[in-house]
């Protein structure tokens, strides 16, 4: 590296030529001896500038916030300007941050170190080693120095450098939203401002204790309401095109053959003939045929088997013979009897019936918001059973 040995290189304006014969100018920010990289801030590419190369590159107007150069791909480094003298406060641990007036040419100097993505800190506050810059980047979660994602689109630049433009930096949103310093990107002085930057992500709103408590109480009610909605709508969202198992019939139903098996009229006629024949024989006192007697005995035996306690006989009727109120009592029960039966069955109900004492009990006055008690309504609506 050319330049006098006593020149403080950090903060100096550096002219760097890569092996691709492309010249860059920027401010030296850090030299990483472990990774063999050099980082420049506020970098501009001047192209190949008539240097002999197979792939010439034109100059570019963009100013990059930073570019990290690989040491093995650097051809020459020249110090163009030494760092400007910085008139800063002494390193006092009692100072949290400071700001000069608008008449001063020195920008706002925060005491807390940060990365040079949004304006570099004064180089008088930096040490000459790369360890300090690594600590800055580590505090922002940026690894050893800077992000390693190459952004430069030129094939010449991609071989030797890793770049990031201002637009790409704005897209990444790496900085806090509140900018309370007067740091500027183009060298012009700006007033201290506490307004949020337009290209930075806005912070989450700070909730007070009352708001946090309200937010902690409200979601369970929403979830319970949604649960009730789901319970009410259960079964309504079922698909309507579900096909049930249907029975397929090959032909029409034969009613004649089915009725022949269950011909109720013929069975009733035969049964009546047997009863009438037996009654006639008994009335006339005629001698009974032994075959008829045997048949009548079988019928009587069948009736005895059924017995008087046979409450249901499907051959005789669909209905049973269990006693009911229609058979036992011919008259309707009165309201008092039904109430007595309910009391014996379910017990005594509550003494005060709901809603009786509220009939005419209170009447609101018009306009004054007062209430008036009706003296007769309380006696009329005692609610006694």
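Cβ coordinates are placed from backbone N, Cα and C, and glycine is handled just like the others.
Look at Swiss-Prot and you will find 219-235 tagged as compositional bias 'Basic residues'.
Here Swiss-Prot flags 2-83 as domain 'Sm'.
Residues or ranges marked as domain 'DFDF' by Swiss-Prot: 241-277.
For 2, the entry in Swiss-Prot reads N-acetylserine.
Per Swiss-Prot, phosphoserine is recorded for 106 (among others), and the stated evidence type is similarity to another entry.
Taken from Swiss-Prot, the feature phosphoserine covers 115 (among others).
Among the features that Swiss-Prot reports, phosphoserine is placed at 154 (among others), with the record citing similarity to another entry.
Under the heading phosphoserine, Swiss-Prot lists 165 (among others), citing similarity to another entry as support.
As annotated by Swiss-Prot, phosphoserine applies to 329 (among others), with the evidence given as similarity to another entry.
Under the heading phosphoserine, Swiss-Prot lists 349 (among others). A coil conformation is recorded for residue 349 (phosphoserine) in the three-state DSSP classification, outside any helix or strand.
Residues annotated as region 'Disordered' in Swiss-Prot: 180-248 (among others).
What Swiss-Prot records for 357-385 (among others) is region 'Disordered'.
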Neighbouring C-beta atoms (10 Å sphere around the C-beta of residue 349 (phosphoserine)): 11
